[in-house]
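As given in Swiss-Prot:
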ACT_SITE  Glu89  active site, proton acceptor
DOMAIN    108-341  domain 'Radical SAM core'
BINDING   Cys122, Cys126, Cys129  [4Fe-4S] cluster binding site
BINDING   Gly172, Glu173, Ser204, Ser227, Leu228, His229, Asn303  S-adenosyl-L-methionine binding site
ACT_SITE  Cys346  active site, S-methylcysteine intermediate
Amino acid sequence: MKELVNILDFLPEELGEKIKPMFRVKQIYQWIYQKYANNFSDMSSLPKDLRLELAQNFHFSPVKCVKNEQSKDGSIKYLFELIDGLRVESVLLPMKEEKIDTEGKRISHARYTICVSSQVGCKSSCSFCLTAKGGLKRNLSAGEIVGQILWIKKQNNIPYERRVNIVYMGMGEPLDNLKNVSKAVKILAQNDGLAISPRRQTISTSGLAKQIKELGQMNLGVLLAISLHAVNDELRTELMPINKAYNIAAIMDAVREFPIDQRKRVMFEYLLIDGINDKLEHAKELVKLLNGIKAKVNLILFNPHEGSLYKRPSLENAIKFQDLLSSKGVTCTIRESKGLDISAACGQLKERAKEQ
């Protein structure tokens, strides 16, 4: 039996090499990403013989949802099974956004962020992260990354044109899978597809300096987030062994070279761990470290998980840390940890084995 190819892996120009004429590719993209077709036979504007040809050569179901859990805060965690049986998790984070209409009335509507995985597992071995405990199984293809987003939007009846933010902060180190992640960014940005601007896509990294430079040279227009979590190499190496390969100085050099929109900032994620990196002296060092960089600091309170040796700091200490940074002119927020009750928060995702 012929092995079917995942059509979500293809950019329009690549699909155009297999399907003629090109306007048919545009129609196929619209059926998949905008009309949320369930199968090729749904694509009624295509000739019957083309629909048959597509069904004989392609599929567009690279992920299958086997479980979902909804948090009391509205977040939904999805467990996806891939074609080879491996599993990844993704999270939908709905948020309310308020605006003033032309009559001066306050109106609110849903704004969505989707946190996607880029690998099955991770090899970075960060001591505070549950994902790393199982090691790295493999990279996801571009289509498997895109498939998570497409399935979540379709399942939640989110119109394709509705504004959505994508954060590559799920399972895996995105820059360790740069080829497929960068391709996913391009596929998601297609006007005949989901039309998610690169400016709404944030790639998070544990600090692979070489790949940060490579990403910058691609000029994709994406946002960059650095998982920093420590202000000196000794502590960072203890928390994040990847620091042995790319120390803080190397990361900062790469960040300074990274092209960023004038209206945007590089995000630095800083996980506050009780008694480890949450003292005011750490905050002072962080201010020095970010000098000259157009940065925004996102403080995250450690999210406990099974087997963890670390503790979550008090909100009071986090606010003191934030206040010091703000007083020195550093833009800083404390991230609200969503999905804690369903293990969907930062550092809590993992490849969950099949239930026996």
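Even glycines carry a Cβ here, placed using N, Cα and C.
Quick caveat, the model's predicted, so the values are computed rather than measured.
Locations of recorded Swiss-Prot features on the structure.
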| residue | record | DSSP (3 states) |
| --- | --- | --- |
| Glu89 | active site, proton acceptor | strand |
| Cys122 | [4Fe-4S] cluster binding site | coil |
| Cys129 | [4Fe-4S] cluster binding site | coil |
| Gly172 | S-adenosyl-L-methionine binding site | coil |
| Ser204 | S-adenosyl-L-methionine binding site | strand |
| Ser227 | S-adenosyl-L-methionine binding site | strand |
| Asn303 | S-adenosyl-L-methionine binding site | coil |
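In terms of C-alpha distance, the listed binding-site residues Cys126, Cys129, Gly172, Ser204 place Gly172 closest to the residue listed as 'active site, proton acceptor'. Distances between the Cα of Glu173 (S-adenosyl-L-methionine binding site) and those of the binding-site residues Cys122, Cys126, Cys129 are shortest for Cys122. Here Ser227 (S-adenosyl-L-methionine binding site) comes close to Cys126, Ser204, Thr205, Ser206, Gly207, Met240, Glu269, Leu271: these same-chain residues lie at least six apart in sequence, with C-beta atoms under 8 angstroms from its C-beta. Between the two most distant C-alpha atoms of the annotated S-adenosyl-L-methionine binders (Gly172, Glu173, Ser204, Ser227, Leu228, His229, Asn303) there are 19 Å. When the binding-site residues Gly172, Leu228, His229, Asn303 are compared by Cα distance to Cys122 ([4Fe-4S] cluster binding site), the shortest distance belongs to Gly172. Within the same chain, residues at least 6 positions away in sequence whose Cβ sits under 8 Å from that of His229 (S-adenosyl-L-methionine binding site) are Phe128, Arg236, Leu239, Met240, Glu269, Tyr270, Leu271, Asn277. Minimal Cβ crowding within 10 Å, among the binding-site residues Cys122, Cys129, Leu228, is found at Cys129. A straight line from the CA of Asn303 (S-adenosyl-L-methionine binding site) to the CA of Cys129 ([4Fe-4S] cluster binding site) spans 9 Å. Taking CA atoms as the reference points, Gly172 (S-adenosyl-L-methionine binding site) and Cys129 ([4Fe-4S] cluster binding site) are 11 Å apart. Across the domain 'Radical SAM core' (108-341), the model assigns an average pLDDT of 93. Note: the Cα of Cys129 ([4Fe-4S] cluster binding site) and the Cα of Leu228 (S-adenosyl-L-methionine binding site) are spaced 13 Å from each other.
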